[in-house]
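> Here you go, one structure.
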Ligand code: ANZ
């Protein structure tokens with residue numbers, strides 16, 4: 001073995017790490033800890049995609065770097081293995097989801113091991129393992145005990161095609177997120193978790209987290225806190241009152257009509273006889289629309305008059321009550337006071353149905369729009385007139401409270417979490433029903449395992465597949481022996497991922513979800529890396545459970561994930577498209593000017609880069625260059641296995657880190673993989689003789705000269721700083737610069753090579769271990785000390801002086817450090833410089849300016 005052959009060295013070191021359990025997490029708690037976590041994968045049937053190794057390599061670099069810096073590192077992996085695809089496959093083929101899952105997990109594990117990630121494989125968790133979901137069920141019991149889990153008949157998002165209910169978050173534009181099937185509203189008995197009770201704490205907790213601002217903002221928007229007032233409007237000639245929630249109580253004098261959501265309880269009660277039919281028709285229509293369609297600003301407003309009137313408590317005037325679907329039943333109180341002067345939706349509605357508009361905030365002079373939503377002084381508002389919005393709000397709330405017509409109120413957009421699914425492949429609820437009433441089974445009876453079944457089809461009426469397992473469903477109350485029925489819904493896929501990071505701390509622990517000593521040592525997670533698609537749901541649900549567990553005394557930190565980073569998406573290779581009109585190439589800029597244009601896919605060799613653009617080779621004709629999301633239908637999916645087979649895992653890892661900043665979206669380029677592969681080859685040949693496989697003759701035991709130390713320590717400084725900043729691409733550049741420099745040297749002292757290989761090892765651990773071994777070490781490199789940067793070596797032995805003649809630089813000299821401040825010496829050297837001399841010859845030297853350690857300026861006349 002002499003030339004660089006990843007296929008030989010990589011499997012060798014993978015076996016070494018496995019046999020020696022090199023990355024087993026240390027048990028002692030004396031050292032500082034570092035918990036670095038990946039979002040565990042759903043083991044799909046298609047194996048790893050190139051997006052997985054991106055985040056996983058980043059965390060692996062950190063794990064390895066921290067170990068070398070004396071930390072105890074927890075770096076685990078596991079499987080988020082419940083979920084719909086395995087169940088759909090089971091419906092189609094009869095293969096039990098457990099079998100599919102196991103097969104996929106084995107493939108994923110093998111792929112991850114082939115990439116040389118330094119996971120502690122003894123801590124692997126699998127959410128479908130009864131020893132794991134026992135504790136998921138245990139946590140559910142805690143939620144139930146605390147009154148945070150309840151059954152409710154809720155209008156749910158029912159997807160007939162998938163045969164299941166979906167959470168709001170899983171419905172996009174009225175279609176299922178998975179599969180894109182139509183979703184309708186249907187009332188059903190469901191389990192719901194009271195996440196709303198934690199809304200305020202989920203909001204507050206975000207402040208101290210080191211998370212991307214965009215992710216925090218998404219969570220804040222999702223929770224959607226608004227402060228305002230609840231105001232009661234009396235219905236004229238009725239005993240009823242309509243309560244509204246408003247963020248702008250200051251605008252009440254401009255409330256010229258009211259709107260009830262079509263589903264509002266009072267609609268039937270107050271609608272007058274003549275309007276009943278119109279209202280009923282309208283309600284039916286509204287039921288067919290999704291919330292999103294109903295609230296879209298651009299959509300034409302619709303509505304119907306109830307014939308009833310309410311009394312504006314501020315003006316005492318009667319205002320008409322309408323029903324309109326732009327008001328949602330699930331937000332606030334499901335009713336609004338409409339203020340067209342200050343609210344755009346109300347303005348549109350008022351215009352369409354000819355309702356009065358009164359401005360109550362003075363718009364700026366140059367304002368030309370419709371509703372004015374900005375700041376300004378109150379007008380047309382009696383005792384509020386002249387006050388700014390915030391002052392007016394306070395004053396009117398006081399007034400409302402005094403007059404018993406309203407009070408200050410906070411509202412959240414966050415809804416309780418619909419927590420049951422009509423599926424087989426999920427955690428069973430630890431719940432039985434005795435005489436129709438739910439009852440927890442008790443901790444001693446956990447886990448409640450899934451029954452064996454071979455028919456995974458849901459029933460037509462929406463009953464879950466588990467309803468067919470009658471032997472399992474019909475059970476008895478373990479406490480009384482009375483007949484009981486098991487809950488046949490299962491938990492949603494989010495459940496298992498809400499707490500897996502805790503299980504890793506003590507995966508074998510039998511006394512609870514986590515051993516409290518281990519939890520206290522390891523938590524919180526110091527670094528969590530995963531996709532931005534989890535910005536809201538997984539990360540919000542997990543934070544919610546964590547806070548509940550905190551309240552139960554199970555965990556000691558208020559938040560689970562201290563620092564969060566999202567890796568950017570990897571797109572397919574850049575694709576080039578050229579355009580022809582009537583057989584002639586035309587520039588991509590002009591393609592829209594022609595009616596008939598032929599689009600032609602071009603290969604990389606057919607184009608060249610010109611400035612920021614690409615053109616057809618040898619011409620000025622511009623083509624389009626665009627990278628697309630990888631997808632099977634586009635045929636641009638890169639399979640990580642192929643890359644590992646061809647170039648090795650180290651190149652794959654190095655390439656994915658070299659592509660660009662971790663958090664950025666980046667196109668794939670196999671050509672660039674080749675580039676990093678050649679870099680590793682250069683590293684190899686710098687040290688190993690390709691013919692003999694021995695160390696090169698240039699590798700010596702000598703002390704390195706200062707110039708070499710300077711190059712090395714520049715590299716140490718850069719790589720160390722860049723790893724801390726997660727700037728892995730620039731760290732790799734720094735190592736490339738080092739190798740370019742080092743290749744010019746005649747001698748390669750071992751001490752320099754040792755340090756460099758350590759720097760390389762977190763990125764390309766296989767080649768690093770192999771070279772480390774060949775450099776004469778018999779222990780793994782994984783726990784050696786990270787090279788220490790020494791500033792002293794960065795100071796150069798010489799001082800550079802640029803030399804100006806009459807203000808223009810005409811030459812430069814290097815003077816020995818000890819002479820750098822010697823004016824006479826520097827000036828005489830400067831004047832002797834060849835090029836400078838030529839300028840001096842033509843005139844009289846009238847002045848010599850010497851700035852120590854900076855510059856020399858000579859003035860000639
Ligand atoms: C009067 C008003 C005047 C309003 C004004 C706004 C501007 P956020 O901030 O999103 O919480 N609203 C209340 N409940 C609603 C529902 N169920 N469906 C649709 N809209 C509803 O928005 C709160 C505002 O949204 C409330 O304040 C209410 O309109 C409307 F110049 O009341 B406002």
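Cβ atoms here come from the backbone N, Cα and C positions, even for glycine.
Remember, TrEMBL labels are computer predictions, not curated facts.
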> Of 624-628, 629-633, 634-638, 639-643, which range does TrEMBL call motif ''KMSKS' region'?
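Matching range for motif ''KMSKS' region': 629-633.
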> Choose the correct range: of 388-421, 422-455, 456-489, which one does TrEMBL annotate as region 'Disordered'? Give that range.
456-489
> Over the span of the domain 'Aminoacyl-tRNA synthetase class Ia' (622-655), count residues by DSSP class, listing helix, strand and coil in order.
15 helix, 6 strand, 13 coil
> Within 10 Å of the Cβ of residue 632 (ATP binding site), how many other Cβ atoms can you find? Include all protein chains, please.
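Neighbour count, Cβ to Cβ under the 10 Å cut-off: 8.
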> Summarise the model's confidence over the domain 'Methionyl/Valyl/Leucyl/Isoleucyl-tRNA synthetase anticodon-binding' (709-823) as a mean pLDDT value.
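Here the predicted model's pLDDT, averaged over the domain 'Methionyl/Valyl/Leucyl/Isoleucyl-tRNA synthetase anticodon-binding' (709-823), is 95.
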> What are the DSSP helix, strand and coil residue counts for the domain 'Methionyl/Valyl/Leucyl/Isoleucyl-tRNA synthetase anticodon-binding' (709-823)?
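With helix first, then strand, then coil, the domain 'Methionyl/Valyl/Leucyl/Isoleucyl-tRNA synthetase anticodon-binding' (709-823) has 63 helix, 19 strand, 33 coil.
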> What counts of helix, strand and coil residues does DSSP assign across the region 'Disordered' (456-489)?
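Looking at the region 'Disordered' (456-489) with DSSP, the answer is 8 helix, 7 strand, 19 coil.
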